[in-house]
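Have a look at this one before I ask anything.
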Ligand SMILES: C[S@@+](CC[C@H](N)C(=O)[O-])C[C@H]1O[C@@H](n2cnc3c(N)ncnc32)[C@H](O)[C@@H]1O
């Protein structure tokens, strides 16, 4: 990249700006630590050119016209010992990010720093001063003490830096203030003993002069600041030359310098017409910005490039900043065993500082701090609540399962959503909670038991195969909380920043496309109460979300309907070269920086008919097993059919498990349909006998609802047995198919990479 010529004005070299808030480690490189944290977090505070000392990286679309609700919805003071809700959501699109409010000194289960991003931090600071007047009572929790000392210091440091040249003026005016105070002394205004009028007049005149002087100072002060701003706006930032970059690359990253450059580039891009250097194009700046952000926050180049394409530049910084902290700890009241109000009281008495999650949930609670581990209270053990991130509520709310329905949770472990579904169904009907990984079954089973769920059957299958196990067109609703790249939960698992490659995303998407077709195939379009599929991921990647839904729309007779979630952003209908079906806009996206919850995607589909569409297949799309099945045979598609080469985060293990399953098919046969919860013992069903279990399932469904699915379930039972036999008896054709399929996939991946 060529050095950019200077267009008049002061030449300021990259990195020469004083960082708005120099970190304690300024100048020191700490390449081993996550750069996002080393050298102080990046709070893109005051750009030298911005008035008021605040850095407002440009208006993010998500915030336009939104409202900021800093405290609880009623605007009232929170009840004693209970902090105010962490967030409120506006039903408007593009609302202002709700600000998390924390209790003081979070306990071990409660995150300490959330929403460190500048806008939040700044607003929190404002809240502190407002709230501190309110919370006077000693035994009330200090709800406003949500900034750690370090944060407070940082903010103060920031404020000091922002004052810049004003400091001198301020010190003058401070003195003046002192004098004024003396003058303001009421005693000074009292009549003196001699009570002369002229003295009194002099006093008034003196006071008036002081006021004038103060006014003058204020004006000067404002003028100076304005000049500073004008100068800042016209200052030209110069991108580093290739030589400078080369030089930089030989040394450990200079984080304060990179931080400054990020701010500068964001500033230039925010006012490109006026601030661009002559001859420089947007691409030069964005390229440097991507490199700097990747270095500063510690991401691989692929992810950073994706994020840069998803958000406007200023918003990328907000998103990355939000990823630096985990979201608030939340819990869901288990209405099968407890009521929220009572649970709150009990937990408050145990020293848990918590509050209702928001108007949108009747069962959620957010924990600010706790003196006890919230995952080990007697109430937790007794199944009165589930520890669950706020975003995890959403897919189940969208699914809206009804009593007595037949529901399938295709990827269920550890059961957060299964147990919520069961609660909404009041333990009626039947839920099939499926999980591929055998190692995750115990946690699923334990949660189901702890929560008192008695309508659930645990299965251990590859979800892609479930239609052949549970039957096609037999379920009222299916939840597919798909395995994904986890790019929405970087705050929880920062390793994602470097471990997820483009190839991983392609693999995830490939599997997700197979799974969603299986999910749709299991739903009965003719269901009287349902006919819905909910697809969700904790990924923010378009390839794993909108592209999967678009694929489903092309392959099956479904439409995207509203999930009834009145917040969140609409899914992308255009992304890079992609143009998705307009209905994809009905899907919902949730972001850490915008909604203070994990990055999440939720789509609700309504199955219109049980038809399979014969849409052409794209290169990076899996074979439609239903089509293959129809063409080739009536039998189930082998497990490995069209399977992408294993290598998702968990894929190696999953495949091992799948292989073990094939080998140990006898053992597996026994396990099929095994009831691993209260239902088994209550109904006196021998858990190890697949037939009996399936019979019981059939009975459950049949008793409550007489639909064709009754017979289908019986067929399914047969399929369960047949299938397990097929797996063990005929491995060779499957293997052959697997090999050719793997080969195909490798070719596709290569092509995609190119
Ligand atoms: C996002 S997690 C599910 C979380 C769960 N729904 C909850 O709320 O607790 C995805 C799960 O899918 C499982 N999984 C991965 N591949 C699968 C497949 N092919 N079929 C079914 N489950 C699979 C993973 O082991 C993981 O437990």
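Even glycines carry a Cβ here, placed using N, Cα and C.
Unlike curated entries, TrEMBL annotations are predicted automatically.
According to TrEMBL, the region 'Disordered' annotation covers 1-213, 612-754. Taken from TrEMBL, the feature compositional bias 'Acidic residues' applies to 85-96, 130-157, 171-184, 191-203, 618-635. If you look up TrEMBL, you'll see 204-213, 701-729 marked as compositional bias 'Basic and acidic residues'. Here TrEMBL flags 319-608 as domain 'SAM-dependent MTase RsmB/NOP-type'. Annotated S-adenosyl-L-methionine binding site per TrEMBL: 411, 412, 413, 414, 415, 416, 417, 435, 462, 481, in sequence order. As annotated by TrEMBL, active site, nucleophile applies to 538. Taken from TrEMBL, the feature compositional bias 'Basic residues' applies to 734-754.
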If I take every residue in the domain 'SAM-dependent MTase RsmB/NOP-type' (319-608) and average their pLDDT values, what number comes out?
97
Pairwise over 411, 412, 413, 414, 415, 416, 417, 435, 462, 481, annotated as binding S-adenosyl-L-methionine, what's the top Cα to Cα distance to the nearest Å?
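Among the residues the record ties to S-adenosyl-L-methionine, max Cα distance equals 19 Å.
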Near residue 411 (S-adenosyl-L-methionine binding site), which residues of its own chain have a C-beta under 8 A away, given they sit six or more steps off in sequence?
434, 435, 436, 463, 480, 481, 482, 483, 515
Using C-alpha atoms only, work out the spacing between residue 462 (S-adenosyl-L-methionine binding site) and residue 538 (active site, nucleophile) and round it to an integer in Å.
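Just about 20 Å between their Cα atoms.
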How many whole Å apart are the CA atoms of residue 417 (S-adenosyl-L-methionine binding site) and residue 538 (active site, nucleophile)?
13
Can you check which residues sit near residue 538 (active site, nucleophile), meaning Cβ under 8 Å from its Cβ, same chain, 6 or more apart in sequence, and list them in order?
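Once residues fewer than 6 apart are set aside, residue 538 (active site, nucleophile) is near 391, 484, 486, 487, 488, 489, 598, 599, 600, 601.
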Could you check the binding-site residues 413, 415, 417, 462 and say which one's CB has the most other CB atoms within 10 Å?
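Of the binding-site residues 413, 415, 417, 462, the most buried by Cβ count within 10 Å is 415.
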Does DSSP give residue 462 (S-adenosyl-L-methionine binding site) helix, strand or coil?
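Where residue 462 (S-adenosyl-L-methionine binding site) sits, the three-state DSSP reduction gives coil.
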